[in-house]
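> What follows is a single structure, and I will ask about it in a moment.
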Amino acid sequence: MFSRAGVAGLSAWTLQPQWIQVRNMATLKDITRRLKSIKNIQKITKSMKMVAAAKYARAERELKPARIYGLGSLALYEKADIKVPEDKKKHLLIGVSSDRGLCGAIHSSIAKQMKSEVATLTAAGKEVMLVGIGDKIRGILYRTHSDQFLVAFKEVGRKPPTFGDASVIALELLNSGYEFDEGSVIFNRFRSVISYKTEEKPIFSLNTIASAESMSIYDDIDADVLQNYQEYNLANIIYYSLKESSTSEQSARMTAMDNASKNASEMIDKLTLTFNRTRQAVITKELIEIISGAAALD
């Protein structure tokens, strides 16, 4: 009496609500899984923000006395008006970063500044060598400037930098065998908890300082004294840049983790709303099926 096509169509129509229900249940499971994952990530970002806030408070306290040493050492170069002769070609670029990430554009801003300086100095006929303080800056620049790397330092940023760390870096540079004429230290100077600025400070070799016209008025300065002062000055400037970079990094990480936590909250709210709507749709479909079945029996 009934055709085969009619029976097939009836079967498809009868099974359709069940497939819809299974699909909605699978969607609910996916949403639940995503919610759980995002909530776990939010816990991690909140914890990292708290850790970064504690480290930032300590770094900011230690930055104030470190600035005195750094600015004092830089004042000599400014007041002495040390200038490098045109025939001097060797330039050293020191980039200060760290081994840790999740702190915004802290490391990429240093790399961008160093790439720009390398291009400018190379175009001017200078011989440029690079020094990377921190594994992040080495990882960014080594792919494109591996032939210009003099030395790279790791294990930076895991603990607060000390003057001993800066002294080790300065000694390694002095013993590297590369006799540079002048150089620059590129780092992020801390301005506020939400702001930092990439800056560049000069450094000079012993020969450049000794041959400066303004230094010739001090005839009684012993060569050993001037050498000790130059080495101490180099360590001071590196220490100052490490402290500035460390404070900037912790404040940037704290801000980044705060933004990540807020974004996670927004995603949780949206997924919760989607979950509730999907669950309501499943319940509505089940009620329709029950009512339709009851009406058919009547």
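Each residue, glycine too, has its Cβ placed from N, Cα and C.
Got these off Swiss-Prot a minute ago, pasting:
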- LYS39: N6-acetyllysine (MOD_RES)
- LYS49: N6-succinyllysine (MOD_RES)
- LYS55: N6-acetyllysine (MOD_RES)
- LYS115: N6-acetyllysine (MOD_RES)
- LYS115: N6-succinyllysine (MOD_RES)
- SER146: phosphoserine (MOD_RES)
- LYS154: N6-acetyllysine (MOD_RES)
- LYS154: N6-succinyllysine (MOD_RES)
- LYS197: N6-acetyllysine (MOD_RES)
- LYS270: N6-succinyllysine (MOD_RES)
- 1-25: transit peptide (TRANSIT)
> Rounded to the nearest angstrom, how far is the Cα of LYS55 (N6-acetyllysine) from the Cα of SER146 (phosphoserine)?
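It is 33 Å, counting Cα to Cα.
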> How long is the line from the C-alpha of LYS270 (N6-succinyllysine) to the C-alpha of LYS39 (N6-acetyllysine), rounded to the nearest angstrom?
13
> Give the three-state DSSP assignment (helix, strand or coil) for LYS154 (N6-acetyllysine).
coil
> Within 10 Å of the Cβ of LYS115 (N6-acetyllysine), how many other Cβ atoms can you find? Include all protein chains, please.
16
> Using CB atoms and a 10 A radius, I'd like the single residue among the modified residues LYS39, LYS49, LYS154, LYS197, LYS270 with the highest neighbour count.
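Sorting the candidates by Cβ neighbours within 10 Å, the top entry is LYS49.
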> So of all those modified residues, LYS49, LYS55, LYS197, which one's Cα sits nearest to LYS115 (N6-acetyllysine)?
LYS197
> Who sits close to LYS55 (N6-acetyllysine): which same-chain residues at least 6 apart have their Cβ under 8 Å from its Cβ?
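Residues satisfying the criterion: PRO160, GLN250.
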> What Cα-Cα separation, expressed in whole Å, is found between LYS49 (N6-succinyllysine) and LYS39 (N6-acetyllysine)?
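Per the Cα atoms, LYS49 (N6-succinyllysine) and LYS39 (N6-acetyllysine) stand 15 Å apart.
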> About how far apart, in whole Å, are the alpha carbons (Cα) of LYS197 (N6-acetyllysine) and LYS154 (N6-acetyllysine)?
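Counting only the Cα atoms, the answer is 23 Å.
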> Could you measure between LYS39 (N6-acetyllysine) and LYS154 (N6-acetyllysine) for me? Cα positions, answer in whole angstrom.
33
> What count of other C-beta atoms do you get within 10 angstroms of the C-beta of SER146 (phosphoserine), across all chains shown?
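There are 10 such Cβ atoms around SER146 (phosphoserine).
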